[in-house]
Amino acid sequence: MNLKSLQKLVLFHIVPSRITSPDWPGSHETLADDHVRLTRTSGGENVVDAARVLKLDDVVRPDGVIHGIERVLVPKSVIEDFNNRRSLRSISAVIPEGAPEVDPRTHRLKKAPSTPVPAGAPPALPIYDALAPGPSISPAPAPGPGGPHHHFDGEAQVKDFIQTLLLYGGYNEMADILVNLTSLATEMGKLISEGYVLTVLAPNDEAMAKLTTDQLSEPGAPEQIMYYHIIPEYQTEESMYNSVRRFGKVKYDTLRLPHRVVAEEADGSVKFGESEVSAYLVDPDVFVDGRISVQGIDGVLFPVEELKSKTKSQTNVSSRTSSNLKKTVTLRRGKLLEVSCRMLQSVGLHSHFTSCH
């Protein structure tokens, strides 16, 4: 039964007039525009169409009366609608189906959805499969929307988010990287159009100014830094703070697989990062629209594994340098001693020094 027939069924039980026991028998029009017959049997029982009245005048109020009947009344219009639908289904032709399609992102056959996708539903494809290939493969844009349902205008939302960063002040470097140094703004717009949600941990200009040339000069470095600051879920300052207050440490997935960013409560705020390189949430909810959330932080985050590998390599370099210096000093000292002993031997004084024996 569809919604329209269900409405007719309910309205068929309501008469827009006050009917009490003295008003039997009679015929009245219901709110469903169908007439209902009120009759009385030879035994004195009141009947509504074909249903006996079990509780006459069960509820009596100034604005209406309720009578209890033994079963549900079905109007003729609902029966006709049901018969029409049943007959049409039996004689309807087979719906033509197109050839199977291969999803270019997963290289698998696209499955037809059993039920229509409602507006605002999260996409079935994980966000990591919808991302563009990384810079190590080739610089490519994110794939276009994967279906005919364009419920969100991702490009407009990302444009609003970039403009908000510029108008808010203190996040110009972040906006410049998203728009000019990388294609992340375009990629984020396409992800939002497909139904994904994102939370951006945006370092302020003071934090971005501390980045060295070496950290930004490597191929794909700006993209990797930004990917580590994007969480593929929608979080506000309130939701993050409540999580860290309740669970202590919370690990959030990032777009830089497999690295995760750790958050914990510190000094009444949210602190990100486990090592010495950490950042505090200083500007909450810079931009929130239900699809994109931007939280301002005072530092640039790096994965712990990356920091450990850099520290280890720096330690190895320093140890090699110190060993080379020791070796050079030892060699120089031995050479000088040999030359001095030769000079003393020429004048016959080398026997007075034990180092020359």
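Here the Cβ of each residue, glycine as well, is placed from N, Cα and C on the backbone.
Some features that TrEMBL has for this protein:
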DOMAIN    1-73  domain 'FAS1'
REGION    99-120  region 'Disordered'
REGION    132-153  region 'Disordered'
COMPBIAS  136-146  compositional bias 'Pro residues'
DOMAIN    158-301  domain 'FAS1'
Counts by DSSP class (helix H/G/I, strand E/B, coil) across the domain 'FAS1' (1-73): 12 helix, 30 strand, 31 coil
Helix-strand-coil residue split for the domain 'FAS1' (158-301), DSSP-based: 59 helix, 40 strand, 45 coil
